[in-house]
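According to TrEMBL:
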type: DOMAIN; residues: 13-86; note: domain 'Cation-transporting P-type ATPase N-terminal'
type: TRANSMEM; residues: 64-84; note: transmembrane segment
type: TRANSMEM; residues: 96-116; note: transmembrane segment
type: TRANSMEM; residues: 258-278; note: transmembrane segment
type: TRANSMEM; residues: 290-313; note: transmembrane segment
type: TRANSMEM; residues: 673-697; note: transmembrane segment
type: TRANSMEM; residues: 703-722; note: transmembrane segment
type: TRANSMEM; residues: 743-766; note: transmembrane segment
type: TRANSMEM; residues: 786-811; note: transmembrane segment
type: TRANSMEM; residues: 823-845; note: transmembrane segment
type: TRANSMEM; residues: 857-877; note: transmembrane segment
Amino acid sequence: MAKLSILNERMEKYACENVSQIYEDFNIKKQGLSDSDVENMKYRYGKNIIAVKKEDTFLFRLRLSFINPFTTILFILGIISFFTDTVLYSVKQTHSITTAPIIGIMILISGCLRFLQEVRSKNAASKLMKLVNSHVTVLRDGNFMEISADKLVVGDYIKVSAGDRIPADMRFVFTSDLFISQAVITGESSVLEKTHNNLKKGKSYSLIDYENLGFMGTTVISGKGEGLVLAVGKETLYGNFNIYNSERKSRFEISSTSIASVLIKFMIILVPLIFILIGFTKGDWIKSFLFALSVAIGLTPEMLPMVITTCLAKGSISMSKKETIVKNINAMQVFGSMDVLCIDKTGTLTNNEIVLEYFMDIIGNEDSQSLDYAYLNSFYHTGAQNPVDDAILKCRNMPNHEQHFLSISEEWSKRDELPFDYNRKCVSILVEDNNENKLMVIKGDINEIADKCSFVRFNGENIKIQDDKRKNINAVVDDILEDGIKVIAVAIKNIQRDKNNITVEDEKDLILIGYLAFFDVPKKSAKEALRKLQNLSVDTKILTGDNKKVTASVCQRLGINTERIILGKELESLSEEKLNEIVEKNNVFAELTPHQKVEIILTLRDNGHIVGFMGDGVNDVPALSEADVGISVDSAVDAAKDIADVILLKKDLNVLESGILEGRKTFSNMTKYIHISASSNFGNIFSIVCACIFLPFLPMASLQLILLNLFYDIICIILPWDNVDEELYKKPNEWSGKHLSRFMLFFGSISSIFDILTFIFLYFIMCPALCDGKLFHMISDVSLQIKYMMIFQSGWFIESMWTQVLIIHMLRTKKVPFIQSTPSIPVMVVTIVGIICFTGFSYLPVANLLGLTALPLVFYCYLIFIVVSYMLITTLAKSFYIKKYKKLF
């Protein structure tokens, strides 16, 4: 790897300097920084706040609220409208400059409401995130204390240990078997050992050669270290990479873009058509241009971003009450769309409270020597905390054994360590006794250990393993494995006295001592939780690194089909086509490496699935990153919590069920808005096209069309609080614009039919009745013509508003509205009050300025008839639509 020029100069310099020189250069005292020192360092070098995702900043949320495809269109239309209002119209023509301000009001309402929802959601998440925020041990004023990682400054002396995510770029001063994964920086999965030794000056180093430096974002796999912070925030290597800005587009963003593209395509087709049509039929190209502009505004669902944000925020806040933190509110919709959930066995299906059941020799007899060596390995193992080591170390609390295990740890002292990795599947410890005899103690996967052994110990003798007997070496534990009991092997090897370090090459010609057997009880709630997920059409796949037989036993107890279990080694030789087939047909995968978990997730995504992954360990970070929605728990390592979209405060699949239901309710209400509003808007525009061909005047003034759109959008703000039918959240649905065009054309056309009937009633019956019994072309009096147009436009304005608002109730459900499915009380109240208020608007003095007038009672009699007819026909048409296309949205 080439040397990276963005490496902070301080880091390069102090990798080669003595530690004492660093203390001197930064004027750091041995007892750590004081409060005044902290403020000074913060002023000179900045805060440690780079690890904030772009979307978490105030300015980003403000920009997101006001700048999106729809508000951008409105902004452009507003500028054009202002230009035409002030420049193109002559002084003689009466035209008020109100279109542009109304557009501005629409943008302001949409943006402000969305911003308020974004801030509300962020604040709720931030309060909960305090429960799981990363902390670091730092030396301040002579005392070690825990502080939030974002409070670190350059010059702080900090401690890191297994499972920690390094919070800043640092120079190690002390290390003990410290192994770190730099995958977040280098992209390579290998684990590197770090030391505190000075590097030689004058040499050119690659990134992986800086063995005495720790970089922000990298993860401690095993061991521990202490050191000085040399760079924080944007000055770190991690900050320079700008990692969060380079993330791939989420499934939600891709789907939202597809919806926007559908609406914009309709706009591109209809707006020029109306411009040309009105221009030729009415002869006023300026008026034609303005009206086409209004049509474009009418087709723009400017409240869509706000409604989506409200739905997502409402869902995430509801989840916060169910012990679930939704870090990224967009994950709420993906949560609901998820149709495959990949989970590990340990801690999710089981209690993750492993108990040591047996310790035995190679033929299955109880043997304390196996336990003694395993205890020695676990006692000195510095890797991330794990249940197996915890169970072994608890043995020192057995009655009459405290002194025994204490003497073992006092007799042997540690010299070196090879941490666990998923290629070797074992941990090796080099220890030395009081007589300077050195011994390597290894524990790990039974098959991997067996392959490394040349001898077995039986009755105190080391017996050579015959090649023809090797395959049966672990036969003694087969029955135990089938009972769902986890088994690890323990082996040793004598090491030369003058050797103080061990390598992977030393892990051969071992002596197999025996086995340890552990039991992790399946959760009582797991079986029921899996059944609930199945009822929600979520396919659960088990991805575990555990042994095949143990995995099979646990899965069988929980009712999971184990007829075919795919092993990690089988995946290595599969073609891409075969892998696609395997991941679809099988639900249990065992003995996997972290890379293989990622491979399975990516394959499922490529096959069109929305994939969730639940994990809590360092090895789960790659899979969490690649899943459509990453799920972790508050007890997870920092790296896992940092990358996850959702954090559970309780590691229980039943909590996931609640999250999926909330996500689907969120999805349903988002879908209602976009489909209903888009079809209504399209119906209005199609009606305008028809009217322009036959009417001698515009069916609705430009300003009226914009005002109608504004009134309707204000009412639609309540949709996130609507009830959702049970069948709508029983199955996952995809958030996309795939079927939006079909829905718009079908139901928009029905809307246009009733608009045209209203045109006929207004033009041929009501308007003549109120204008001396004459049709428009028969009237020569200009004032009477204006009255005729005002009555017509007011009639269609009110009819459009009534039908648009009330059709929400017809199309919000697949069922018979009000009988089989009732809307929420807020939706009922807002739609009724909205219709009353906006109908009453036409009776206000200001309405005349907008070309609207009060209408007689006879119109409302007709209106009730036409609206009821429209609602009935739409309900019947909805049944036909569902029967033909098998779904409504």
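Every residue, even glycine, has its Cβ placed from backbone N, Cα and C.
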Item to check | Candidates 673-697, 703-722, 786-811, 857-877; stretch with most C-beta pairs under 8 Å toward the transmembrane segment (743-766) | outcome: 673-697
Next on the checklist: Restricting to CB pairs under 8 Å, which listed stretch, 258-278, 673-697, 786-811, 857-877, is in contact most with the transmembrane segment (823-845)?
Outcome noted: 786-811
Item to check | Sequence-remote partners of the transmembrane segment (673-697) [C-beta within less than 8 Å, at least six residues beyond its ends] | outcome: 259, 263, 266, 270, 273-274, 277-278, 281-282, 295, 298-299, 301, 303-304, 307, 705, 708-709, 712-713, 716, 719, 740, 743-752, 755-756, 759, 763, 776-777, 789, 792, 800, 803-804, 807-808, 811-812, 889
Checklist entry - So what's near the transmembrane segment (786-811) in sequence-distant terms, Cβ-Cβ under 8 Å and 6+ beyond its ends? => result 672, 675-676, 679-680, 684, 697-701, 704, 707-708, 711-712, 715-716, 719, 747, 751, 754-755, 758-759, 761-763, 766-767, 770-771, 776, 779, 817-818, 823, 827, 831, 834-835, 838-839, 842, 847, 851-855, 859, 863, 866-867, 870-871, 874-875, 878, 888
Item to check | Confidence summary (mean pLDDT) of the domain 'Cation-transporting P-type ATPase N-terminal' (13-86) | outcome: 77
